[in-house]
Amino acid sequence: MKKKWTLEETKMLFKKPFFNLMFQAQEEHRKNFDPNTIQISTLLSIKTGSCPEDCKYCPQSSRYKTGLKKEPLLEIEQILSAAKKAKDSGSSRFCMGAAWKNPKEKDMPYLEEIIKKIKEMGMETCMTLGTLNSTQAKKLADAGLDFYNHNLDTSKNFYNNIITTRTYQERLHTLHAVRSSGMKVCSGGIIGLGEKKQDRIELLMELSNLSIQPESVPINMLVKIPGTPMADNKDVEPFDFIRIIAVARIMMPKSYIRLSAGRHKMNDQTQAMCFMAGANSIFYGCKLLTSDNPEEKHDLELFKKLDLIPENKTQTLLKEDEYKTIIKSSKIKKDQYYNAAII
């Protein structure tokens, strides 16, 4: 029977002496994972900007002047080319994000074909497209989508300070639709939005007490973008962030805890402490949607220093003729692409 975390239990974890907390987190990590391996994902923005939502941290919102270049939905050849590059670089999962409040029905055939083609390349797939209804979730699942990302971002009580165009309950409904469809859930939050410690406690409680815990939990450090309302937020204290990773590992022992956005601002020592605290997944590549990320070369050097081995490193490379066959076999017609690409 799954443990249900109480407020008092979660508070006690946050109050633990730092090294005691780290020891407990590392123990939990070793019970469920090889401590010397790390899961690598690559994230691509397949449709950038012009989002109608008002998330105060996001440069893709049409409400803020951030200088972001808007881009329509990428053509399937561009997406598959990026997926091949990610696979050849060692990524086992290809994640795709579109700046929508939610996908429209005209988008679904295009999205389904993208999923099928990337699955043929031998990669896990993940998408983040906004809110989903149960019918859309089922279509994506039937196409072969492995994971769907929909973050809770912060606590229910603090949420309306960050976003007003989508309710917290809508986010929970989407997670329910994803879980009911048979897909795996990817859901986490952002640290540094101006939240209090209590909000961090409540966020981790909400995630850990879902009917089934998320298989993947991205923990993001706010990337402060000029032009957004959160551009001047205070920096997150590194040890506070490491503590959150450790508590997340203890509360969700079988989940992959992903060290996500903001990693490019962390030095090697902070990242190493996060891995020690139980983080065992990263995004690999120079961009996370529109935010910077450490260069691949630097990540490989860090892995070497820490003796970390990427998961599924033994996966076979995609041969050029196999890749060309996948491209040619795409059933997407130009009118389907143009219908989906309308902003």
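Each position is counted from 1, following the chain as shown.
Glycine residues also receive a Cβ, built from the backbone N, Cα and C atoms like all the rest.
Listed by Swiss-Prot as binding [2Fe-2S] cluster are Cys95, Cys126, Cys186; the candidate from Arg30, Arg258 that the record includes in that site is Arg258. DSSP gives Cys51 ([4Fe-4S] cluster binding site) a strand state.
Of the chain residues outside the [2Fe-2S] cluster site list Cys95, Cys126, Cys186, Arg258, Ser41, Leu43, Arg93, Thr128, Phe147, Asn149, Ser216, Pro218 have their Cβ within 8 Å of the site's Cβ mean position.
Taking the C-alpha positions, the distance from Cys55 ([4Fe-4S] cluster binding site) to Cys186 ([2Fe-2S] cluster binding site) comes to 19 Å.
Compute the center of the Cβ atoms of Cys51, Cys55, Cys58, which mark the site for [4Fe-4S] cluster; besides them, the chain residues with Cβ within 8 Å of that center are Glu53, Asp54, Tyr57, Pro59, Gln60, Ser61, Ala99. Spatially close to Arg258 ([2Fe-2S] cluster binding site) yet at least six residues away along the chain are Gln39, Ser41, Gly188, Ser216, Val217, Pro218, Ile219, Ala279, Ser281, Ile282, Phe283, judged by Cβ distances under 8 angstroms.
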